[in-house]
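What follows is a short report on a single structure.
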Ligand SMILES: Nc1ncnc2c1ncn2[C@@H]1O[C@H](COP(=O)(O)OS(=O)(=O)O)[C@@H](OP(=O)(O)O)[C@H]1O
Ligand SMILES: Nc1ncnc2c1ncn2[C@@H]1O[C@H](COP(=O)(O)OP(=O)(O)O)[C@@H](O)[C@H]1O
């Protein structure tokens, strides 16, 4: 352990997560969306947030493009930076859970080890992994932001699915296939799984 760390002594406050959850009227949780660019992470996180919000649940979305223009604006798309990106987001998610809020984290999070580290940091019981499954060809066909085209012609390096790996989750808590199901069907499946977990 680094020497300076020996002199950091956390303060224990009187109010805890349970007190905050009671005030909110629901449990806090991290709903972690992982999947290729264009698979539907942001769309589903947004749809789920709207539903939960309208049912009195306090939520907050952490989304790749947003966090990467602020907190993580110093990180690129190398493997090391992606790992650090997920590590910081995991720490932020953990704080939100302690604050009593339902966090919807939508990041490609391509590496299994990083997703597992996120789950272990937040705590297994607080973490729900949602694999937003969609074949690369469909994501590429959608090409919401025109990035796949740029990745194919070499303008963007290390692009997930093209020139950087995506390790498919093998034991996600929920798998949502957005290529074969409508947005409404996907959201219904999500709501059915998530809502009961938030009841006090
Ligand atoms: N090289 C490369 N590879 C993948 N994605 C890229 C890249 N460059 C920019 N973008 C845009 O950044 C968004 C992904 O950021 P994330 O923080 O979710 O990525 S990661 O979890 O660190 O892998 C991703 O957003 P989504 O499409 O919402 O996934 C892209 O818009
Ligand atoms: N069943 C579905 N669920 C979510 N998105 C879908 C679905 N079917 C089509 N789409 C479309 O796919 C695109 C997904 O984009 P986005 O949510 O930004 O993905 P990501 O955040 O994973 O990059 C959107 O244009 C959305 O309308």
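Backbone N, Cα and C define each Cβ position, glycine as well.
Note: TrEMBL annotation is automatic and uncurated.
Per TrEMBL, active site, phosphoserine intermediate is recorded for 109. What TrEMBL records for 35, 36, 37, 38, 39, 40, 41, 42 is ATP binding site. Residues or ranges marked as domain 'APS kinase' in TrEMBL: 28-177.
The structure, with features from TrEMBL marked on it.
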{"residue": "35", "record": "ATP binding site", "Cβ within 10 Å": "28"}
{"residue": "36", "record": "ATP binding site", "Cβ within 10 Å": "23"}
{"residue": "37", "record": "ATP binding site", "Cβ within 10 Å": "26"}
{"residue": "38", "record": "ATP binding site", "Cβ within 10 Å": "24"}
{"residue": "39", "record": "ATP binding site", "Cβ within 10 Å": "28"}
{"residue": "40", "record": "ATP binding site", "Cβ within 10 Å": "27"}
{"residue": "41", "record": "ATP binding site", "Cβ within 10 Å": "27"}
{"residue": "42", "record": "ATP binding site", "Cβ within 10 Å": "20"}
{"residue": "109", "record": "active site, phosphoserine intermediate", "Cβ within 10 Å": "27"}
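The ATP site is set by 35, 36, 37, 38, 39, 40, 41, 42; from the centre of their CB atoms, other residues of the chain with a CB within 8 Å are 33, 106, 108, 132, 134, 139, 178. Residue 38 (ATP binding site) falls outside any helix or strand according to DSSP and counts as coil.
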